[in-house]
Amino acid sequence: MTVPEIFDVIVIGGGHAGTEAALAAARIGQKTLLLSHNIETLGQMSCNPSIGGIGKGHLVKEIDALGGVMAEAADEAGIQFRILNSRKGPAVRATRAQADRVLYRQAIRQRLESQPNLWLFQQGVDDLVLEGERVAGVVTQLGIRFNARAVILTAGTFLAGLAHVGSANFQAGRAGDLPSNSLAGRLRELKLPVGRLKTGTPPRIDGRTIDYSAVAAQPGDAPVPVFSFMGNAASHPKQVSCWITHTNSQTHDIIRSGLDRSPLFSGAIEGIGPRYCPSIEDKVVRFSAKESHQIFLEPEGLTTHEVYPNGISTSLPFDMQVKLVRSIKGLENAHITRPGYAIEYDYFDPRALKSSLETRMIEGLFFAGQINGTTGYEEAAAQGLLAGINAALKTQDREPWCPRRDEAYLGVLVDDLITRGVTEPYRMFTSRAEYRLQLREDNADLRLTEVGRRLGVVNDARWVAFNIKLEAIAQEQNRLKTTWLSPKSLSETDALRVIGKNIEHECSLHDLLRRPNVSYAELMTLPGAGEPVVDLAAAEQVEIQAKYQGYIERQKDEVARNAYYEDIRLPQDLDYKTVRGLSNEVQQKLNQFKPETAGQASRISGITPAAISLLLVHVKRGFSSANTKKSA
């Protein structure tokens, strides 16, 4: 049957990408349908029970600044919070939350069900409806047809998913869920560039069988951080510790003895796994000189005894999993509640996408999440948010929003995917961002909330709070710049305590704050400094902006210089074989990937600065058919 009502946007998949996509499209005001094979697993944390981390936390903050829900859900479900790299500079500091799986899923479900313009329906999707070269809807497993102007595919690991435990394998999207084989077959028929990737998960352990006296406690931070800019530590549930143990030589010997039974080394697994989250057998082989590997024992929630042993992802046979787990200190009597496994799945070359995450081949079809070759909840959610925004904008006949590399980690993520592609699952790190000093966690709202308001994804409450914060920052900066201390007004004791030496001439509080060893909190204890700003987030911004002002200005100058290439649009009908002087390799790559700007072209592997110069000369002369038409 065909459902008579037409949706603006249909989202396939209810994981981290799908939920953010559906919510974003609905917030913009478009009639949105979220299809999932099981409504009970919406927002499911399929692997590790945590949100954030280095690079990943930055994405979560950006999602939050744009009105997304991942940070809010993490605040409501987080049972331990830590700031990573807290002793390093603000550019690389990152928030990480250990989450209760059940509470996280509940937080996501509640937001989905209370979002206007959003409908949920429990059905897997078997087919896409195409009209010429554009998508027109989907067909579910029961043959129900839903029509839409845009479709977002967020299938995770479900496309032709195949799970492995030793020599055994079974079809699955994840343990306990069937794969989407019909949809995978349909996508392959469309001749989209497809490949196989692999990921894995460790065995789960009954916490009652762990000897906690033999492992080291890792408590969270105090005071407890919050993830969302709208968050409050009072909303956090009970806080608990994680625990740390290590593998040893016996563990490694057990793993080596079972490598011939590992699907990873027997050739049974074709997909390539994540470099930065390897299986324990991969770590033992690749780092053979290393005597031990750190294992984090992470509680799965407040109402379960299950523990997630982060660091021993494996697809070894179950009997080997039992041996390796029980060889680890504190786990000698551990009971495994669920075996670890590897899963391989279809992904599609993200170089076949536009910056908006719309496919180049099929108009109105968007991809987000692991289908694009990424790994991680945060990377998926960020893509889902962007795809949801752009799908909604497309149905409103508005221009897409494509964040730049200097604007957001989301911009770095998408640009890396569509210009460089992936040969292994892509995860975000701060090192991937060349402008990371201005892409900090702490200023994600200052960078993106105004953009989100213009796009329609930021609600009134967030907008009001954002403007109050902006005003507090501006007022405090002005106060510090106009409040002066003289050598006579500052005692030697106070000067040495806060500044480290006597001041020789009259200084503004802002000048003193720019000194590396002077903190805002200490500065406010000086006589005559006045009352500190009440908003701690505003105080943090005042201090960071003062201390890093020179560095940030230099980075902004660099961005401005490089913006020249980012602003030069390349005609999508340009045949690069007509550009004189380009090598055959460069012509082939440019024709294959069709970069949207000269900046994108410059980041494609094998494209030299000389090739970009030739390309710019060609475009400026108006040799493309598009430019010819404009001049006619």
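Including glycine, each Cβ sits where the backbone N, Cα and C put it.
Copied from Swiss-Prot, the annotated features are:
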BINDING   GLY13, GLY14, GLY15, HIS16, ALA17, GLY18, VAL125, SER180, GLN370  FAD binding site
BINDING   273-287  NAD(+) binding site
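Highest Cβ count within 10 Å among the binding-site residues GLY15, ALA17, VAL125, GLY273, ARG275: ALA17. Residue pair LYS283 (NAD(+) binding site) / ALA17 (FAD binding site) shows a Cα separation of 29 Å. Remark: GLU281 (NAD(+) binding site) has ILE255, GLY258, LEU259, SER262, LEU264, PHE265, THR314, SER315, LEU316 as non-local neighbours, by Cβ distance under 8 Å and separation of at least 6 in sequence. In terms of C-alpha distance, the listed binding-site residues GLY273, ARG275, VAL285 place GLY273 closest to VAL125 (FAD binding site). Every protein chain shown contributes to the tally, and the Cβ of SER279 (NAD(+) binding site) ends up with 25 other Cβ atoms within 10 Å. Nearest by CA distance to VAL285 (NAD(+) binding site), out of the binding-site residues GLY13, GLY15, GLN370, is GLN370. Around PHE287 (NAD(+) binding site), a 10 Å sphere centred on its CB holds 12 further CB atoms from the protein chains shown. For GLN370 (FAD binding site), the count of additional Cβ atoms within 10 Å of its Cβ stands at 29 [all protein chains shown]. Residues GLY13, GLY14, GLY15, HIS16, ALA17, GLY18, VAL125, SER180, GLN370 are listed as the FAD binders, and the farthest two of them sit 18 Å apart at their Cα atoms. Annotation for CYS277 (NAD(+) binding site): same-chain Cβ neighbours under 8 Å, separated by at least 6 residues, are THR199, SER313, THR375, PRO425, ARG427.
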